[in-house]
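Swiss-Prot has this to say about the protein:
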{"type": "SIGNAL", "residues": "1-31", "note": "signal peptide"}
{"type": "DOMAIN", "residues": "153-352", "note": "domain 'Peptidase M12A'"}
{"type": "CARBOHYD", "residues": "ASN174", "note": "N-linked glycosylation site"}
{"type": "ACT_SITE", "residues": "GLU246", "note": "active site"}
{"type": "DOMAIN", "residues": "354-466", "note": "domain 'CUB 1'"}
{"type": "CARBOHYD", "residues": "ASN364", "note": "N-linked glycosylation site"}
{"type": "CARBOHYD", "residues": "ASN395", "note": "N-linked glycosylation site"}
{"type": "DISULFID", "residues": "CYS407-CYS429", "note": "disulfide bond"}
{"type": "DOMAIN", "residues": "467-579", "note": "domain 'CUB 2'"}
{"type": "DISULFID", "residues": "CYS520-CYS542", "note": "disulfide bond"}
{"type": "DOMAIN", "residues": "579-620", "note": "domain 'EGF-like 1'"}
{"type": "DISULFID", "residues": "CYS591-CYS604", "note": "disulfide bond"}
{"type": "DISULFID", "residues": "CYS606-CYS619", "note": "disulfide bond"}
{"type": "DOMAIN", "residues": "623-735", "note": "domain 'CUB 3'"}
{"type": "DISULFID", "residues": "CYS623-CYS649", "note": "disulfide bond"}
{"type": "CARBOHYD", "residues": "ASN631", "note": "N-linked glycosylation site"}
{"type": "DISULFID", "residues": "CYS676-CYS698", "note": "disulfide bond"}
{"type": "DOMAIN", "residues": "735-775", "note": "domain 'EGF-like 2'"}
{"type": "DISULFID", "residues": "CYS746-CYS759", "note": "disulfide bond"}
{"type": "DISULFID", "residues": "CYS761-CYS774", "note": "disulfide bond"}
{"type": "DOMAIN", "residues": "779-891", "note": "domain 'CUB 4'"}
{"type": "DISULFID", "residues": "CYS779-CYS805", "note": "disulfide bond"}
{"type": "DISULFID", "residues": "CYS832-CYS854", "note": "disulfide bond"}
{"type": "DOMAIN", "residues": "892-1008", "note": "domain 'CUB 5'"}
{"type": "DISULFID", "residues": "CYS892-CYS922", "note": "disulfide bond"}
{"type": "DISULFID", "residues": "CYS949-CYS971", "note": "disulfide bond"}
Amino acid sequence: MSCGSPQVMMTLWTLTCVGLILLGAIRLSLGLDYDLESFDYLMEDNPEEFDYKDPCKAAAYWGDIALDEDDLKWIFKNKSNDLRNTRHNQTHPTTDNFSEKLGTGSQNETSSNLNSKKVKKGSRLKLLIAEKAATETNSTFQVQTSNDRVRRAATSRTERIWPGGIIPYAIAGNFTGTQRAIFKQAMRHWKKHTCVTFVERTDEESFIVFTYRPCGCCSYVGRRGGGPQAISIGKNCDKFGIVVHELGHVVGFWHEHTRPDRDEHVSIIRENIQPGQEYNFLKMEPGEVSSLGETYDFDSIMHYARNTFSRGVFLDTILPRRIDTSVRPTIGQRIRLSQGDIAQAKKLYKCPACGETLQDSSGNFSAPGYPSGYPSYTHCIWRISVTPGEKIILNFTTMDLFKSRLCWYDYIEIRDGYWRKAALLGRLCGDKLPDPIISSDSKLWIEFRSSSNILGKGFFAAYEAICGGDIKKDSGQIQSPNYPDDYRPAKECIWKITVSEGFLVGLSFQAFEIERHDNCAYDYLEVRDGFSEDHALIGRFCGYEKPEDIKSTSNKLWIKFASDGSINKAGFSANFFKEMDECSRPDNGGCSQRCVNTLGSYKCVCEPGFELTADKKSCEAACGGFITQLNGTITSPGWPKEYPTNKNCVWQVVAPAQYRISLQFEVFELEGNDVCKYDYLEIRSGLSSESKLHGKFCGPEKPEVITSQGNTVRIEFKSDNTVSKKGFKANFFSDKDECSKDNGGCQHDCVNTFGSYICQCKNGFILHENGHDCKEAGCEQKLLNAEGTISSPNWPEKYPSRKECTWDISVTAGHRVKLVFTDFEIEQHQECAYDHLELYDGPNGKAAILGRFCGSKEPSPVVASTNNMFLRFYSDASVQRKGFQAKYSPECGGRLKAEIQTNDIYSHAQFGDNNYPVQSNCEWVIVAEDGYGVELIFQTFEIEEESDCGYDYMEVYDGYDSTAPRLGRYCGSGPPEEMYSAGDSIMIRFHTDDTINKKGFHGQYTSTKFQDALHMRRK
């Protein structure tokens, strides 16, 4: 595979890798598989021109191990050397795959023969890997002994450490709000447990960018410097644990299993490694790493799992060695930082031994030893970090420090930001309590130092986050309290934003998830065009859809967030900035007709019947027009001749209110195929170019009849400057739409039918008894109908995150539930560990499981063994898909269990409502426990009568199948009395032909103790 075509080779839990810290050279962590054949671009003449900021273009780009800068220089330095000089004669079990892939000959091959072969670009890169692999001993069965202290690799080059532990970041715009929340949760996790700080990038030269590169899941290890560097979160990598792992590489960690001493702790089973992935298991040299005094960490979040890059899910590639005689340690967790990870990061960044990161909305801290007295030469740092848009109130309730001039010896410094270079809010000592200190933003830095021998009791301080407030700056961010975690109940926050005079306020949402309600009655975000609650309402928002970008009409914007005391969601994150209305300029933005302002820009548009010229500002007469007729015909320019090139025609068709417009094509022939890249016809409901799109059409195939959603249609035709075709001819006509007025009285969807209409509810809601309103169906449904359809929440749209839904399906007694899937698309995972659908063979989740499903392949039909089936659907916090739809129905027959209590059996699922169906063949086996027999009695019996019961009939056998003695064949009014089995089972067979059908039968069965008189009475 090339850099442009990554492929996930293992399931996410096999992408686990845990960690060492980078040694001086740039190294890259990936969780993907790439073919060595595709690195031709590494053989260019100027290595200095490579973009190391993009992991895909760096030399370090292979799987989970990579080359460093020195390796890359080695490649170019030796580019013209004889391939035979690269240890071609060296053989080793671990290099067989490389030799075979490289096409290397035997050891006796001459240099001239080798040189006569055409050397493919990139082959030297492969030989470098082979050379490194060849230096290792086979660690599957051998253990290296060493008296050296256990190494845990850490960078020895200070330029790879982020100065002050500050890592600026930016997030690319193509990520969803849920993904952004996961990134921030992962960064908060690192901040909470170490002294590393992630801050949104402002003007910093070096920073990381969350992006989606072709390398999939990858990152540089440590700070690259000199500009942005990518941390790629590719497909299926947007999980909390995986992002924490990738951030570990950014901080400076490398993979644990590549340590020089790894063979003392794990065995590498090379024969189980996927071909081409052997380089992921190479060891680092002892000279490449320095020790931080930390032992090998099986629990590290940077460690590979046992089957990473395995030929099969159940084959180990890394096997932990047993500690003493105990069980093997678990490796590959992706839940949280281990204690070893935390300890090593603190050593790498020289974190103070005293202090912590405080992220709760309120809390307290105190000097070490308080109130008994702090020790001399103490250094502590506390970092308070709350949600953007909140401020921090800091109160000192006790203060007793050695007092000196200018607080030179013992002191507390409070800074208005995330580090020691932030603005100083106060330097405190002595015993005088300061006034409450309020931050200007969402972070405070508190540093305590003692250097005197005269000690005091210390201090005690408490803080609280307050949301809302006046914000006077040209750009910034606001978030719901506690974002990206769920917001807190009973909160009210009001922000009053003011930007510079002469500008407007722009508001753009990155994430939005607030408790849903039709009228946003419970939790909501309210935005007003001004500086108070009395100004014009722009919108009140809730639910899961991000609001459109918002723009004020002045330099002020009022925002209110409110939550009630019950359901809490992830909340929102939004950026605000100053915005200019270019269309308000005297020259109308340079547009000859209409100027439309957009956030951050503007565009020129033309009136109907005109089109933009090449300068995108002027308008000229065009084909198309404004049509108000109820019926008519529209044709391409020049019809019936070929249409001209370089045409752009727009027709706007308007019918009276409560009418819909249908468009039917007689002829259609445009250049192109299904891509519609050159000439095309675009049809929308509405009059603007951003209205709902019905379709974009080209080629020779006529579109189906298209009906508008309202009383307007926009038809746009475009041709390029080359091929012309015959064009199109279409007839339009109008029909009254009852749904267009007040939505037909329907709360959700009104569906117009010919001469009438019906109301429908969105998925997750059910229609009220009044036929118009909708009520929430909830996610726990008990289904008692004989048959029906179920679907995931919001189907066919993407299901919501963090959802758990259950369905308890119960069909007619004596029948089995059959489930057939008609649509299926759930996040893929080899073990369905994330989003999944579970089916159980009974009325609840304690029954035997029938299967756990995910992915995009429709499962085969599933049949329960009884008349109950239980379904549970679960979605996690990240990837969402379309979901599923399935139909359930009763399947006659099956194996039934006779118990002491009476159970029912019916001839068909619609018994009592409809006669039994024709051409049916059903078999039931009723089984009792050992020592018990089966008693069968019929309450109702009505089957087509015939003297020999040759048409429709019921047969009863004294055993498990038709080889057992037959107790009788019955039709008409059925058996005259109850029946008893001689053993522990009875089989019932019901057959109908293709003609007359009757009411059917209703039987009851129980288990009884064997009594000879009863059980032999049938004889």
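First residue shown is number 1, and so on along the chain.
Using the three backbone atoms N, Cα and C, a Cβ is placed for every residue, glycine included.
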Other CB atoms within 10 A, centred on CYS604 (disulfide bond):
21
Cβ-Cβ neighbours of CYS649 (disulfide bond) (radius 10 Å):
20
Between 467-579, 623-735, 779-891, 892-1008, who has the most Cβ pairs under 8 Å to the domain 'Peptidase M12A' (153-352)?
467-579
Folded-back contacts onto the domain 'EGF-like 2' (735-775), same chain, C-beta under 8 angstroms, at least six residues removed:
518, 657-660, 662, 710-711, 791-797
Which residues does CYS892 (disulfide bond) neighbour through Cβ under 8 Å, counting only same-chain ones at least six apart?
GLY814, HIS815, ARG816, SER907, HIS908, ALA909, SER920, CYS922, PHE990
Which of the three DSSP states, helix, strand or coil, fits CYS805 (disulfide bond)?
strand
Kindly report the helix/strand/coil residue split of the domain 'CUB 5' (892-1008) according to DSSP, in that order.
0 helix, 57 strand, 60 coil
Which whole-number value in Å describes the distance between the Cα atoms of CYS520 (disulfide bond) and CYS774 (disulfide bond)?
15
Other CB atoms within 10 A, centred on CYS407 (disulfide bond):
18
Determine the most Cβ-crowded residue among the glycosylation sites ASN364, ASN395, ASN631, using a 10 Å radius around each Cβ and all protein chains in the structure.
ASN395
By a Cβ-Cβ criterion of under 8 Å, what residues six or more beyond either terminus of the domain 'EGF-like 1' (579-620) are in contact with it?
499, 503-506, 508, 549, 551-552, 626, 648-650, 652, 687, 689
Listed recorded positions among ASN174, ASN395, CYS407, CYS623 whose Cα sits within 10 Å of ASN364 (N-linked glycosylation site):
ASN395
Can you count helix, strand and coil residues in the domain 'EGF-like 1' (579-620) using DSSP?
6 helix, 16 strand, 20 coil
Which whole-number value in Å describes the distance between the Cα atoms of ASN631 (N-linked glycosylation site) and CYS854 (disulfide bond)?
49
Which recorded positions from the set GLU246, CYS746, CYS805 come within 10 angstroms of CYS761 (disulfide bond), judged by C-alpha positions?
CYS746
Can you tell me whether DSSP puts CYS676 (disulfide bond) in helix, strand or coil?
coil
Inter-residue Cα distance where the pair is CYS606 (disulfide bond) and CYS623 (disulfide bond), in Å:
13
Whole-number answer please: how many Å between the C-alpha atoms of CYS407 (disulfide bond) and CYS746 (disulfide bond)?
71
